[in-house]
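Taken from Swiss-Prot as is:
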BINDING   VAL78, GLU80  Ca(2+) binding site
COMPBIAS  434-443  compositional bias 'Basic and acidic residues'
CARBOHYD  ASN59  N-linked glycosylation site
CARBOHYD  ASN109  N-linked glycosylation site
CARBOHYD  ASN176  N-linked glycosylation site
LIPID     CYS273  S-palmitoyl cysteine
MOD_RES   SER428  phosphoserine
MOD_RES   SER542  phosphoserine
MOD_RES   SER545  phosphoserine
TOPO_DOM  334-604  topological domain 'Cytoplasmic'
TRANSMEM  250-270  transmembrane segment
TRANSMEM  279-299  transmembrane segment
TRANSMEM  313-333  transmembrane segment
TRANSMEM  605-625  transmembrane segment
Amino acid sequence: MANSGTGAPPPLLLLPLLLLLGTGLLPASSHIETRAHAEERLLKRLFSGYNKWSRPVANISDVVLVRFGLSIAQLIDVDEKNQMMTTNVWVKQEWHDYKLRWDPGDYENVTSIRIPSELIWRPDIVLYNNADGDFAVTHLTKAHLFYDGRVQWTPPAIYKSSCSIDVTFFPFDQQNCTMKFGSWTYDKAKIDLVSMHSRVDQLDFWESGEWVIVDAVGTYNTRKYECCAEIYPDITYAFIIRRLPLFYTINLIIPCLLISCLTVLVFYLPSECGEKVTLCISVLLSLTVFLLLITEIIPSPTSLVIPLIGEYLLFTMIFVTLSIVITVFVLNVHHRSPRTHTMPAWVRRVFLDIVPRLLFMKRPSVVKDNCRRLIESMHKMANAPRFWPEPVGEPGILSDICNQGLSPAPTFCNPTDTAVETQPTCRSPPLEVPDLKTSEVEKASPCPSPGSCPPPKSSSGAPMLIKARSLSVQHVPSSQEAAEDGIRCRSRSIQYCVSQDGAASLADSKPTSSPTSLKARPSQLPVSDQASPCKCTCKEPSPVSPVTVLKAGGTKAPPQHLPLSPALTRAVEGVQYIADHLKAEDTDFSVKEDWKYVAMVIDRIFLWMFIIVCLLGTVGLFLPPWLAAC
């Protein structure tokens, strides 16, 4: 009653089910047990009495052939300073052990098994050029054993192999690093190496961000060392790796080139701006800071070789330093003057004549020519003769001179006088002068207005016109003279007319438009053609020395000087002084301009020199790596 109440199946119903399950699982379990027992039996048979210290050869004179190969997984690092290459590789080894053979039919068709490598004999193949760490494989993985006695063992290893790294063409360098594998104990008579493949297996290679493997070739070598009489074989793998230069080009080479270009621009900057030395020092400071920043980028310095980029940086540093020295020298030349330096003849010849032609430089001369014309004109005006050496009756010459406006009579006024009323204009135009005797002009005649004085008559009683010179002489009367003469004017034009008898005549200016009138020729005295109001009374002039006169018949008397007033003398001396001063300044200015031009030529020379050197340095930096690669 209790069993029926719980609902459990009767034992008789469970028995057939258990029988069915047992009959179905027995074959599989028996097969697994049989194979496990087969491998166990195989291992017991193989390693019973097996000695892993002896070479796996039937005859002592036989040679164990070890097939060797290498598969690279990663190029970890290339240390230029310590001269070593770190790689992650798989060392492939394969040999035959006659003591580890069996018949698969005796062991449930077991053809291969995995066994610990510590239990079997292994060739002692090591990395000869190991730089750091263990020479041999440290991680002993299991070996794959086949029924014919073939053993395959592929342990992983991280090697630090020594490598002679040449960083001359950094960052465009290409290195050749080798890994030499061979038996450390057995010579060629005991163990011989056979290469599995001629190249390194790169199927599982993980690409590096800085290096790329161009080629990796394995070669078989034999060598007799000094320590031993035997010959030892080895397989050497040569890894040809190339650096990827993009990072270094952006962060190292381009800034160096830009700094070099800034150094070249120093010589293109004019010396007048005064910022040449500032630019040089700024470039030098920027280069110094840049060198401090890139010490971690470029390979660490060694005593073996110096990278081209290091030489280029050193060259740029010297470049900038020389530019500072040359700039100081150029500025010194630029600011030289005749008072401090005398320009040698060879400097003038080389830097003002020869070099500018070679550099296709053309010196502008407009300003210098203008200054020279100004000085020459002032000297002509100041140094002209103060007498008339030629006859004045030639109408053509006089007409041309007067038409050109070359005989102005400047107006000088007494500051104490004032002109309240509008006065007639007294000018000194060409006019007709009668023949006067000295006795006829001894007394002054009142002239109520200009031109109102009656023309004097000759000894025969008829007015006579002669050819004579007229000169408007500036005269500034003093207060006493003005009171005595009754003159109230800002200027007074006095005509000295020379008759045929050599006597000087005095007449007020009288405008005329007669075509036959005599035109006055200008002297070197300051004169003016400006009209000035005046109200004057003609007065007998002081005795003057006769000037050049025309004798009867057109002959010319010897030239005689016209006396000048003190004011005119001082004016002429002032003009002479100004002309001499301007001439001296022009000479100084010319010499200064020559020194400035010499400085410009020196700047241009070093500009082209630095451009050429910069281009050659750049080509020398980029070209050799490509030539070496070819």
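Cβ atoms are placed via backbone N, Cα and C, with glycine included.
Mapped onto three states, the DSSP output places CYS273 (S-palmitoyl cysteine) in helix.
Per-residue pLDDT, averaged across the topological domain 'Cytoplasmic' (334-604), gives 55. For the glycosylation sites ASN59, ASN109, the greatest number of Cβ atoms within 10 Å around a candidate Cβ is found at ASN109. For the pair ASN59 (N-linked glycosylation site) and the residue listed as 'S-palmitoyl cysteine', the C-alpha distance works out to 95 angstrom. Each of the recorded positions VAL78, GLU80, ASN176, CYS273 was scored by how many other Cβ atoms lie within 10 Å of its Cβ, and the smallest score goes to CYS273. Considering only the recorded positions VAL78, GLU80, ASN109, ASN176, the residue whose Cα is spatially closest to the Cα of CYS273 (S-palmitoyl cysteine) is GLU80. VAL78 (Ca(2+) binding site) falls within a strand segment according to DSSP.
GLU80 (Ca(2+) binding site) and ASN176 (N-linked glycosylation site) have their C-alpha atoms 13 Å apart, to the nearest angstrom. A straight line from the CA of ASN109 (N-linked glycosylation site) to the CA of VAL78 (Ca(2+) binding site) spans 49 Å.
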